[in-house]
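Per Swiss-Prot, active site, N6-AMP-lysine intermediate is recorded for Lys132. According to Swiss-Prot, the NAD(+) binding site annotation covers Asp50, Tyr51, Glu52, Tyr53, Asp54, Ser99, Leu100, Glu130, Arg153, Glu187, Lys301, Lys325. Under the heading Zn(2+) binding site, Swiss-Prot lists Cys419, Cys422, Cys437, Cys442, citing sequence analysis as support. Annotation source Swiss-Prot lists domain 'BRCT' at 626-701.
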Amino acid sequence: MFVILHNKLIIYYLDMSNNKEILNRIQNLRKNLNQYNYEYYGLENPSVSDYEYDMCLKELIQLETQYPEFDSPNSPSKKVGGYISEKFNKVKHEIPMMSLSNAFDEEDLLKFDNDIKKAIGSSDFSYVVEPKIDGLSISVKYKDGNLIQAVTRGDGEIGEDVTQNIKTIKSLPLNIEYDKDLEIRGEVFLTKKDFEKINSDPNLTKKFANARNAASGSLRNLDSNITAKRNLSALFYYVPKATELKIAKQYDVLSWLDKQLIPISREIRHCNNIQGVIERISELTDTRDQFKYDIDGIVIKVNDFNHYEEIGYTSKFPKWAIAYKFPAVVKQTKLNSIDVTVGRTGRINYIANLDEILLEGSQVKKATLHNYDYIKDHEIMLNDIVEIYKAGEIIPKIIRSIKEKRDGSQVVFPEPTNCPSCDSKLVKKEQEVDLYCLNENCVEKQIQQIEYFSSRDAMNIEGLSISIISQLFRNKIINDAIDLYELAHKKEILIATKQKFYRKNDDGTKTEFERSLFKDKSFTNIIEAIEKSKSNSMEKFLTGLGIKYVGLRAAKALSKRFKSIEELAMATREEIEQVPDTGEKMSESLVNWFSDPKNQDLLWRAKKVGINFNYINEFNDVVVKNEHQKYMNKTFVITGSFNKSRNEIKNYIESVFNAKVSDSVSKKTDYLVVGENAGDSKLKKANDLKIEIITEPFWDN
């Protein structure tokens, strides 16, 4: 199986006859997608483009479908990406805010259309086509005609309450004529004009990379006065409980919203069939640059709500809608220089410095170059004109150099021989293309390791940025991650520590100034975040240790099996290899890591400062009743709506009964859990197969 990017760049070849290679590829895709989700939603600073993310997700879904034995309920293909900040009150969505599956070409659209026809057994249906706005998803609630709450999508299950900030949007009415409970969903964004105005503000300490980041930062600002000045816009496109309005079609819902003076897009069209959809997509693709705001695709929905339950849902996507994604834009610019950096594992990275260029709404001047072999194989030289495409909101990727535009000024970039941080000799490991710094005392490596320990997937110490960690380490206030837990006793030192900053002047020069690394409030916030991390479950600490091959997913599996760091440290390779998501390389890496006296000392110190070493099961206190023992190790399917979200019910069933939850009814299904407005097709199939139906909310007992 080949994967080709932009029909130019072959990424890898996968031997489809080798199950181990397939599993490794699936695990790598899951790991990468989890990281990309964190970067996009949590950091708002993605390292890959939407297109590249979508390609990874599409490949993962294909492999999981083709090899169901490697499927997992915890795969990122089953989850809605998102992130919940600690700054705002958390609110649980009554109905989860799901994402959409993607289409990338006409073939994908025709397959989507064919799947709909099969699901409803007819071609008598139509579509609604809507621009996909590149903004921040929002849920707004009205009660008695008054706007009472606004919540971001968050992770799809829980979002952030931004009610005060949403009220600053001038086009959104605070009162409507409809006097019953109403929830509407849409997108908050900035027009291109308003984005340019914000970024041209001389008082802005750091420019936003693009309009989406600016909209997100503005809506989630703690000061509503600042939000009001940003002139946010919003358009709405969905009513989760539209049937309560006695409306049966999506296009009619949009007309109803318009009558309530709730803003909707004027580019929405009703199409009688898939050919009409394809024609409309072609029109929007040609005119997308003329929009007053950024759009990153087109949403296609089945118009008639009566078909929705019949068509069904996955745990992540509704099957009655799809998002067509625009192909990535390729542009040319000049490569001026290449920076060499080192990461936490010692791997050497290459960042290209470019002539600044506008690419898909962002000003970009840097690009990633993978590794030195990539530079050499693609014959990329300094001063080349290169083709780049969007590989992130800040960092794009270089596809190739344009040799016919060379003017004689080009220079070969030499392969580095020494670490850019510590000057140690670089080494290329067996069967790897990357160069590594093996010096354990390398300053930059150690800083990156502490940053990884603090990251969301690991100990999740909010507010502890890489710049703060760097200052703490370089000022010898900390020597490793465990030293973070001693900072509470060093308040005077921390507040006295100065950090250098540089401000760019109008004439291109820079002015240096200093300010304290911490003030009283920021010190208190950091210490509270550090203290809070002590009570994390075992898998978070295990992930943060940065043991080779052990990411969060593997750490979870190991934690469930061994229950404590102490038990894992005493486990043999054979015992470790019996755990799902592990293997020979991981077991060897773990045993070697726990055998190292230096690491044993680190664990002793971690225990001493109070870091939790035990696995915490949130369902540990649940006692399974006798009448529910039959659910143990069985396969369930869920249909309809309940007093809890499907993901909550799914998590409960999997954790309490060690059971599997599937998306579709088959001969392997043991139980069908049925809620309100359940789909007729699943019920019919379950009855035909004589599968037991459950209607009681046993998770409440």
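The first residue you see is number 1, and the count goes up from there.
Cβ from N, Cα, C; glycine included.
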Fill in the blank from the handout: When each of the recorded positions Lys132, Arg153 is scored by other CB atoms within 10 A, the minimum falls on Lys132
Practice task
Taking helix as H, G and I and strand as E and B in DSSP, count the residues of the domain 'BRCT' (626-701) in helix, strand and coil.
Solution key: 30 helix, 17 strand, 29 coil
Completion exercise
Candidates Lys132, Cys419, Cys437 (recorded positions); nearest Cα to Arg153 (NAD(+) binding site) turns out to be Lys132
Practice task
Measure from the Cα of Lys301 (NAD(+) binding site) to the Cα of every one of the recorded positions Lys132, Cys419, Cys422, Cys437, Cys442, then give the nearest.
Solution key: Lys132
Practice task
Give the residue from the binding-site residues Leu100, Cys419, Cys442 that has the most other Cβ atoms within 10 Å of its Cβ, counting over every protein chain displayed.
Solution key: Cys419
Completion exercise
One of the recorded positions Lys132, Cys422, Cys437, Cys442 has its Cα closest to the Cα of Leu100 (NAD(+) binding site), namely Lys132
Fill in the blank from the handout: One finds that other Cβ atoms within 10 Å of the Cβ of Cys437 (Zn(2+) binding site) number exactly 24
Handout entry: Nearest-integer angstrom distance between the alpha carbons (Cα) of Cys442 (Zn(2+) binding site) and Glu52 (NAD(+) binding site)
Key = 32
Problem - Number of other Cβ atoms within 10 Å of the Cβ of Glu52 (NAD(+) binding site) across all protein chains - result: 21
Completion exercise
Out of the binding-site residues Asp54, Lys301, Cys422, the residue with the smallest number of other Cβ atoms within 10 Å is Cys422
Handout entry: Rounded inter-Cα distance in Å - Cys422 (Zn(2+) binding site), Glu52 (NAD(+) binding site)
Key = 33
Exercise for the section: Name the one residue among Glu52, Asp54, Lys132 whose Cα is closest in three-dimensional space to that of Cys419 (Zn(2+) binding site); these are the recorded positions. Expected result: Glu52
Practice task
Going by Cα-Cα distance, pick out whichever of the recorded positions Glu52, Asp54, Lys132 is nearest to Cys437 (Zn(2+) binding site).
Solution key: Glu52
Problem - Cα-Cα distance linking Asp54 (NAD(+) binding site) and the residue listed as 'active site, N6-AMP-lysine intermediate', given in Å to the nearest integer - result: 15
